[in-house]
Amino acid sequence: APVASSLCVQYTHRTVVITGGLLAFSGMALGFFGLNMVWMYATTGFLQGLGISFSWTPAISIVSHYFSKKRALANAIASAGECAFAFTFGPFFQWLISQYGWKGALLIIGGIQLNICVCGVLMRPLASSCLPEASHSETETPPGTGASRRDKEEKSPITHKTFNWKLVRQPEFVLYAIFGILAAMSFFVPPLFLVPLSYSLGIDESWTASLLSILAMVDFGGRLLCGWYANLHVTKTIHLLAMTITLISTSLMLLPLANNYLSLAIFTGFYGFFFGTTVAIHITALADVVGMPEFDSALGLFMLIRSTGGFVGPPLAGLIVDTAGDYRAGFYMAGATLVLSAGFLVILDRLQQRKKSRSKIRTKPEKSTLPYPSLHLLKHQ
């Protein structure tokens, strides 16, 4: 992710996405030969994973550049494609394997991923003067150079000269990154243990498969609904994110109480819905924390740091489940970690409010020492 973001600031989002599509296709196509396990790790693992990262990171970034007032809704609609994929392509992949074998399925999936290049071609670079942030820079240009600088901005893409690694020194970004680590530790646990938990309750395998479909459908609805609500600007994005994280943790704490298919499906639906609401706005919240000029760099660093949580979370939950001898322990661990992550969002919000109040005090105009406004006017005359 940081490599993809760094390339975005050097070149364009369109170029990186197209490159990612070619890498993803190459990984799957070369995996078709299936020479040995090392070959599969290098092709379908590393090469395709690199291509997906090169495609996903710029795609998420450019949506936030395209939209300002409706950024939350745009990100929610864009991310909803993941739910459609999870609901539709799982059975499709199984059908491909049954019809063409795993090698043929890899080749066909690679061909589908090649369409990422078509999506990348459609990602037209925007001039910086089209962005809300550019209007401020235009008003601050020195006299005599405004016209030439404005012309230069209109021709320049929405990228910056260098990748800003110094974001790791900003307290706001660090707090949000810690939230991302703790949240990622939890997000991968429920899908991992949901099916084994249902088996331990004696639920039939055919019914168990439907739980993942329910999860995908309510996830889709949660993303769209939360994106629409966030676009109303009724609630501050960071506050809305803290609320959705709290609701996810509550649903995870209640999910182990299920003792049959109906109750498990209900709690799974609650978790999926609130998970969708969180995914819909967490990228928008990152843009609010660091600002759009630093968003590309922040997104790459955030994805890199957050991935450590996704790497540690499932093994840690597995260890806890093995120690406790019960799959419910994994859900309790995930819920508790999410509560802790919400605490860092609260700290981040308090820090932002404190800095905002300090800036208002510094920019507050000095009051007149004269007792009457009319005398103050005469003084200036």
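Glycine residues also receive a Cβ, built from the backbone N, Cα and C atoms like all the rest.
Model, not experiment: these values are computed from the prediction.
So that you can see what the record holds, here are the features copied from TrEMBL:
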COMPBIAS  148-157  compositional bias 'Basic and acidic residues'
DOMAIN    1-353  domain 'Major facilitator superfamily (MFS) profile'
REGION    133-157  region 'Disordered'
TRANSMEM  15-33  transmembrane segment
TRANSMEM  39-60  transmembrane segment
TRANSMEM  72-93  transmembrane segment
TRANSMEM  105-123  transmembrane segment
TRANSMEM  173-195  transmembrane segment
TRANSMEM  207-226  transmembrane segment
TRANSMEM  238-258  transmembrane segment
TRANSMEM  264-286  transmembrane segment
TRANSMEM  298-317  transmembrane segment
TRANSMEM  329-348  transmembrane segment
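At the 8 Å Cβ cutoff, the transmembrane segment (105-123) and the transmembrane segment (264-286) share fewer than 3 close pairs (sequence separation 6 or more) and do not count as touching. Long-range contacts of the transmembrane segment (72-93) within its own chain (CB-CB distance under 8 A, at least 6 residues past either end) are made by residues 59-60, 63-64, 66, 105, 109, 212-213, 215-217, 219-220, 223-224, 226-228, 230-231, 237, 276, 279-281, 283-284.
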